[in-house]
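To start, the structure itself, in structure tokens.
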Amino acid sequence: MNVNQQPPMASPYGQPQPGYGQPNYAPLGGGYPGPYGPYNGPATAYQPGAPPQGYCTYASFPSKAVAANPVSALSSPLDLGPPLPLSPPPVSTPQAYSQYAQGDIQNGPPSMDHSMAQPAHRPPVSQLYSQGAMNLSGPQPSYPQQYGVQPPMQQVTNQMSGMQIGSGPLTSAGPGYAPPPSSQPPISAAYSAAAPPSYTQAPPPVSGSPSQPPPSHQPRAPAVSQQQSFPPGPPPPAQQPFPNSAPPPQQANHLPPGPIQQPPMQQPPQPGMQGGYPPQQNGAFGQPVGPQTGYAGPQYPGQQNYGAGPAPAPAQKRLDPDSIPSPIQVIEDDRANKSSEPFTTGVKGQTPPLVTTNFQVKDQGNASPRFIRCTAYNMPCTADMAKQSQVPLAAVIKPLAVLPPDETLPYIVDHGEAGPIRCNRCKAYMCPYMQFIEGGRRFQCGFCSCVTEVPPHYFQHLDHTGKRVDCYDRPELSLGSYEFVATVDYCKNNKLPQPPAFVFFIDVSYNAVKSGMVNIVCQELKTLLDYLPRENPEADSVVRVGFVTYNKVLHFYNVKSSLAQPQMMVVSDVSDMFLPLLDGFLVNVNDSRMVIESLLDQIPEMFEDTRETETVFGPVIQAGLEALKAADCAGKLFVFHSSLPIAEAPGKLKNREDKKLVGTDKEKSLFQPQSGFYSNLSKECVAQGCCVDLFLFPNQYVDVATLGVVPVSTGGSVYKYTYFQAETDREQFLNDLRRDVQKPMGFDAVMRVRTSTGIRATDFFGSFFMSNTTDVELAGLDCDKTVTVEFRHDDKLSEDTGALMQCAVLYTSCSGQRRLRVHNMAVNCCSQLADLYRNCETDTIINFISKYAYRNILNTPTKTVRDTMVNQCAQILACYRKNCASPSSAGQLILPECMKLLPVYLNCVLKSDVLQPGADISLDDRAYLRQLLSCMDVSESHIFFYPRLLPLVKLDGGSLPMAVRNSEERLSKGGVYLLETGLHLFLWVGANAQQELLSNIFGTPTFSQIDPNMTSLPELDNPFSQRLREIIDSFRSQRSRYMKLMVVKQEDKAELIFKHYLCEDKSVSGGASYVDFLCHMHKEIRQLLS
Ligand SMILES: [Zn+2]
């Protein structure tokens, strides 16, 4: 609990990186905050103003000319212009997928008939990935014979003989296509027409618009899932064979585009693989479950309904879940291949390891993937190509990301009064893409090609290769990420900023007091105030603090150090908020410690017996804004709030919760704010650099969609603790609060993304405000926030030069220094689609697509948004199939190697609570999750959509057990599993879990004695217990929010919540299983191709 109580540690970055010995390149410190470690302010060795060695003093170079105007444009006060026009959805007309009925029939686990027919030898799935196109239907000639040539790139070919869904006669098999078993009728009938009556009768849980015919993918009652029993016997989980047959690294696979003929044997045989391609490899992937024998699969009541179409049940083939692309396999393969070597950023267009892989990054001229991840590292040269492929071109940028301890934080570069060197035309900052010419006297901009004079103080000679001889001594010439000290030109009103302030607003209405929240906040603040952010760990924080309590009136407190007791000032006229005191409101913690402690002791007592239930909210923000204005500084408001603000005041809200609107065309209104009041207030907040973090403790609807407007527009965060109970939720709340108060952040920030000629940043996603089309304004920007940027072509790109982007964030540090953090990124450009498909990052694509969709539900019916996403992904995959894959039967689903998980992840997005809510999810929760996703990085969105499910088998050694796929059929009744969603942790206990296991974890051998209400595990003195608690701690430390632990006993009520996250299964709210969705995608792709 006392994680933050240790004294601030010395910066681990005391030693400059070799090559940057100059004092002015002292590394920016800032410890890697372990979970909630103190923020070790940076720059212990930072010496402002020291000129670079060997240069005459900058004083003689008043190079305003260089660092001129655009700067002030950047930091100019807000122009509340028209909102950024939304670009049209990237996809054309949505297609209803009415033949989706299949998905309703099959539930995740294998059907009974399938399991009966399931034979003994399940070929190791992973073998398939090691080669090119895989043919998966039954016994096949070995690969080389079949195709004779290697397809142009790694492909995952899925022979889905059971998936002949399309219209028209069943075509005869092409090469590699195995005809379906003789008894197999055209399945199209089964899918399109033959939804069994038992399903179609089931009423959808969500009311649809009466004008719409019930599309078959509408949520349906779960006919099967409720009664499912668990598979008998041990599950396949960790024991699943994942031989070392990982695909060769992508880079090894750079084949020329087009239908290049490459003998398959050119590929090095993979470890664990026999030479050649044993026949059983074919047929493993996507093999219709049939000819295998001996697999005693689980039996699921209700499954007999599947196949009720014209096809005789035994012949009804469905895909073997083990034969379709497995997220676990891909994650493990990437780990095996990419975690041992550091990822160096020097090679342009290199796709980084997956976010699930632990790897070290060495900055060699491009920003680390911890700062920037791209959807595509090989951008199409033309807009036509981009449009054809439908692959989104975007970057997910986390400008202030915290780095692991073994990586160097961006260095601070100080060019003194002259400020950073910039291109005269486009104002890009000095970076490795600037080409020095004419003996070093001028440089040509990599972004706009303009030639700019090198100011004399920055001149240096070039070596024989044209490189400056000091290239490796200067971060801005050799690294992807660094910071400049900004001059006064970069400050608001040309005035150096004041240190920021934190103001705490505590709701003291009846509910807030009764839940225990008020007491907990006041107790915690007494210690937490010693851990306010600071840059120099040795020094005190310069952040000033202030305190307000409120219900329907506001109470300001004078905590001036000279007072013996705090003084309260009540403002009961909240219609026109003003600050009743200036002196003594914002104070230094150390100076006023006694008065502050006294206040925090008194607040819970003062309001202990309150009867006031009503609250205001608008005036609270206004008061904070006025306080920061009066102090002429930026800062952050921490608002602890409990209820819908219904008291008479500006920003008063009414309860508009109406679940009947869900699923209708009016659903979007539920995500829009009730009024424009909070949007207008946000603009004022952003102009002042007033960031708002909102901690909600609701017992009922509070309208998160409206209350969240200010936090979301100011770079703040919303935390939500529904039905908060001090006993069980205290730990989660306190850990969130501690982290939130201490985390490294910048204030009053403006971000601009510059690009080289040919592409342009056109759209932005995240928590910020924009008053024009280029500048992202963030009242606050913390280390967890990402800004996602979409790019569009405005001209042709060149394969020779590639495409460049430079993200510059101007911000005020927590010590009040104005800085510019610069991240540079170069990617390749391609004229062949195959190159695009070879260098994509599916996790980032999903991050982008989901943000796009979550934003679009503000303006578009949710169903349209979902259809649009499916259509876009079908187009992406169809374009690949048409242009990059080798010719093969239409019955084959062929997926690009690095996008083979696109269908499974897309399905998870479609099934998410925001886009396809279950009956039990509140509108507030949906609004909350919608806002939360908008600033998630790729690692967070990955686990949010595809949680991590760990079987707790052997926990010896330092490594984690291998995860299993998120499906009920992977759970063993005899096991215990840990599920991490990024927001929650679940410990699922099978009804037949071994006694020893239970004793080790819970201290009791009896299942029935386990208390499902525990939120932390008992600290038992055995290695298993210790290791499990270590794992839980380490998971928590990796996430920006504390994950509360929930123990779920099999067949308890709470299991429904847990099952909700088993995202490969059909969901209670009607979301398709992975298998069914893959079939559906296949059909969509075929339609596009026909
Ligand atoms: Zn330029």
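Every residue, even glycine, has its Cβ placed from backbone N, Cα and C.
Residues annotated as compositional bias 'Low complexity' in TrEMBL: 12-27 (among others).
The compositional bias 'Polar residues' annotation in TrEMBL covers 127-164.
Annotated compositional bias 'Low complexity' per TrEMBL: 185-201 (among others), in sequence order.
Residues or ranges marked as compositional bias 'Pro residues' by TrEMBL: 202-217 (among others).
Among the features that TrEMBL reports, compositional bias 'Low complexity' is placed at 218-230 (among others).
Summarising the annotation, TrEMBL assigns compositional bias 'Pro residues' to 231-271 (among others).
Model confidence over the domain 'Sec23/Sec24 helical' (842-941) is summarised by a mean pLDDT of 95. Among the features that TrEMBL reports, domain 'Sec23/Sec24 helical' is placed at 842-941.
As a summary of secondary structure, the domain 'Gelsolin-like' (960-1032) carries 24 helix, 12 strand, 37 coil according to DSSP. Here TrEMBL flags 960-1032 as domain 'Gelsolin-like'.
What TrEMBL records for 1-48 (among others) is region 'Disordered'.
Per TrEMBL, region 'Disordered' is recorded for 101-327 (among others).
If you look up TrEMBL, you'll see 335-354 (among others) marked as region 'Disordered'. Helix, strand and coil counts from DSSP across the region 'Disordered' (335-354) read 4 helix, 2 strand, 14 coil.
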DSSP helix/strand/coil residue counts for the domain 'Sec23/Sec24 helical' (842-941): 64 helix, 5 strand, 31 coil
